[in-house]
Amino acid sequence: MTEFQQIRHIGQHHLFIPGPTNVPEEVRQAMNVPQQDMRAPDFGEFTLPLFAGLKRIFRTTDGAVMMFPGSGTGAWEAAITNTLNPGDKVLMARYGQFSTLWVKMAEMLGLEVICVDVPWGAGVPVKEFGRILGRDKDDEIKAVFVTHNETATGVLSDVEAVRRIMDECFHDALLFVDGVSSVGSVDFRMDAWGVDLAVTGSQKGFMMPAGLGILAVSPKAMAASKIATMRRAYFDFADMLAMNRDGYFPYTPPTPLLHGLKAALALIEAEGLENVIARHHRLAEGIRRGVRAWGLDLVAEHRSLYSDTVTAVRVPEGVDAREVLRIAYDDFGASFGSGLARLAGKVFRIGHLGAFNDGMALTALALAELSLVRAGASVPMGAGVAAAQAYFADAAGGQGYAVAAE
Ligand SMILES: *Cc1c(COP(=O)(O)O)cnc(C)c1O
């Protein structure tokens, strides 16, 4: 970076990517702690409320919550290796880069994947899943996988509908959900939807740095873990659970992250999970109205699929989305999400989850407009911002982002 560029980057860099997300100051400061004794007699008193707080966010009373040092991908590996057997048949669908990566992981771990490919921009193919499960009379399929929020395309899938169709087929498979970019930001109900294994990470809705792979495990998945024969060592549920019962960990836990989690949970509880979800919806709707005012299309094929945490925008023909991203970064000190895999160059993404508010949404739209225009798109300058402002002026809720009471 030249000195000139450094001068242009004065002030705050704008992080509009769908993870890692912006870390609130309260959370950042909470992590600035001395290292502590993770076997101290009072360590459990500190960690046990974190497990309880996470269970409230996953909306589970029956399930157990675990945290492994790692990212969401590590939590996925833990979920699979603890509950399945080599060669097990599993049902998955590809509708974006993240769902594609889970298929790849499942294959690498030796599962036999029945994979349904749908267009990127569509969601989980519920009816097709129903047909496949309906034909599987002997319950050979051991698990059904859903990427709740496909972060690559900005598509939210209907997990509840998958549960319903599984129940209609009287199918006994486990239901796995990737909730990395949905849990804690949009409606997610582990118990009510009969989710057996939900996975998330610390760096998206939880407003923290990456480093915690978080799992919620139903009693049924826990029972499966007792007989599952897939190899695992570090990620073994049994070792983790045995120590977690009293708030301890079998291996050194990242204690500063746990302090960050405590602060993040306090923020979410102070705002109220329902209000957090409503804020995400409101901000996402403002962003979508802005994009519509530009005359650009979303990757999501239908409004019923719109994600409230990330919006994937198709750039006009003849414009390179990579150029839009480069200009945003170099000229305006702003990061947007790139188009992943087959969407590279065609799409950029606006992340609007976690510690996000009206001003950030308007800034994202304003800087995206500028970058689009500089990249050669004929987007009416100011139109996106005006559309979002008009919506924010009317829509109830006002500026989100509560401050936790001391
Ligand atoms: C970010 C993300 C992941 C990957 O998680 P990591 O924490 O980067 O390992 C997986 N799935 C979805 C839906 C994501 O958004």
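Cβ from N, Cα, C; glycine included.
TrEMBL does not curate its annotations; it predicts them automatically.
Of all the Cβ atoms in the protein chains shown, 26 others lie within 10 Å of the Cβ of Arg349 (substrate binding site). If you look up TrEMBL, you'll see Arg349 marked as substrate binding site.
Annotation comment: TrEMBL describes 67-324 as domain 'Aminotransferase class V'. Here the domain 'Aminotransferase class V' (67-324) returns a mean pLDDT of 98 for the predicted model.
Annotated N6-(pyridoxal phosphate)lysine per TrEMBL: Lys204, in sequence order. Sequence-distant neighbours of Lys204 (N6-(pyridoxal phosphate)lysine): residues of the same chain at least 6 apart with a C-beta under 8 Å from its C-beta are Pro18, Gly19, Pro20, Thr21, Gly72, Val180, Ser181, Gly184, Ser185, Thr309, Leu353, Gly354.
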- Return one of helix, strand or coil for Arg349 (substrate binding site), based on DSSP. strand
